[in-house]
Amino acid sequence: MRVLGIETSCDETGIAIYDDEKGLLANQLYSQVKLHADYGGVVPELASRDHVRKTVPLIQAALKESGLTAKDIDAVAYTAGPGLVGALLVGATVGRSLAFAWNVPAIPVHHMEGHLLAPMLEDNPPEFPFVALLVSGGHTQLISVTGIGQYELLGESIDDAAGEAFDKTAKLLGLDYPGGPLLSKMAAQGTAGRFVFPRPMTDRPGLDFSFSGLKTFAANTIRDNGTDDQTRADIARAFEDAVVDTLMIKCKRALDLTGFKRLVMAGGVSANRTLRAKLAEMMKKRRGEVFYARPEFCTDNGAMIAYAGMVRFKAGATADLGVSVRPRWPLAELPAA
């Protein structure tokens, strides 16, 4: 069984083909980073127009990469939400049109379920149950996962997501968009302990997050200490340490609450090397395991949508020919498979 996956929720156009016996057969990705760089963030209208230009050519490239033709595809999966409404509509329209033309089912996929299941693409996939840390530019959530579609929200950010805080703080430090990875690179040159940022909401019970205050703290620190290269690196280090420590503390609480021994990290920020190292060390001490996808599958991609579509297709999920998307779509609303 082969599923074509289409990802167009934000500023990456991702197309992939997944075979339930052979694994990933094709993976094509186009990033719009250069398109949005001058604006310091994603411009929704530009994102939608670029998806229109890139989606069909990438589908053709994926078919060529896999050596398949349209008649070899058994279902078409597409991201139906959450995300930018215009961008989502491009992928949904193309996906449903192809499904109709090829006479195969169309499978709407939840973007964050795609991220959550991305580690399943690896050679050593996690088994249920586990705690999932979904950490990206738009989401920071802790989820109890006991099966496909069996998701319980344990905590989430009440303001900025961790990835958003990374990008905003990077901009304060004069870094280009997207600044999160550049901030992490700068932080590697910083001196630990010169500046100490707060660990938000760790001094009270609960599993919710708040990262907007760290951006303000960074702005004040920059104002008071100048912007020479070493100072900027030291501020970046302090900021990253604060975010990573906060995420680690909350993960510990979630694992204690659930009693689970497995932790899954997913989303763009899960590619952060410092976060990976700290959580791996933490889970080793707890005699547990941590799982994450390879870096290219942490950010938005078609492979995770193709895989999630395969899982949902086997569970009987299909969509009619109407085109509808959900820019806001709580993960907990998904049915169990």
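Placement of Cβ uses the backbone N, Cα and C atoms for every residue, glycine included.
Database features (Swiss-Prot):
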BINDING   His111, His115, Asp300  Fe cation binding site
BINDING   Leu134, Val135, Ser136, Gly137, Gly138, Asp167, Gly180, Asn272  substrate binding site
Within 10 Å of its Cβ, which one of these binding-site residues (Asp167, Asp300) has the largest number of other Cβ atoms? Asp300
CA pair Gly180 (substrate binding site) / His111 (Fe cation binding site), Å rounded to integer, equals 21
Length of the line joining the Cα atoms of Asp167 (substrate binding site) and His111 (Fe cation binding site), in Å: 21
C-alpha spacing of Val135 (substrate binding site) relative to His115 (Fe cation binding site), in angstrom: 9
Rounding to whole Å, the Cα atoms of Asn272 (substrate binding site) and Asp300 (Fe cation binding site) are apart by 15
Have a look at the binding-site residues (Ser136, Asn272) and report the one with the fewest Cβ neighbours inside 10 Å. Ser136
Given the binding-site residues Gly137, Gly138, Gly180, the candidate whose Cβ has the fewest other Cβ atoms within 10 Å is Gly138
Which site among His111, His115 has the most other CB atoms no more than 10 Å from its CB, taking these as binding-site residues? His115
Nearest-integer angstrom distance between the alpha carbons (Cα) of Ser136 (substrate binding site) and Asp300 (Fe cation binding site): 10
What's the number of neighbouring CB atoms sitting within 10 A of the CB on Leu134 (substrate binding site)? 26
Counting only residues 6+ away in sequence within the same chain, which have a CB under 8 Å from the CB of Val135 (substrate binding site)? Gln141, Ala161, Ala162, Gly163, Leu247, Met265, Ala266, Gly267, Gly268, Val269, Ser270, Leu275
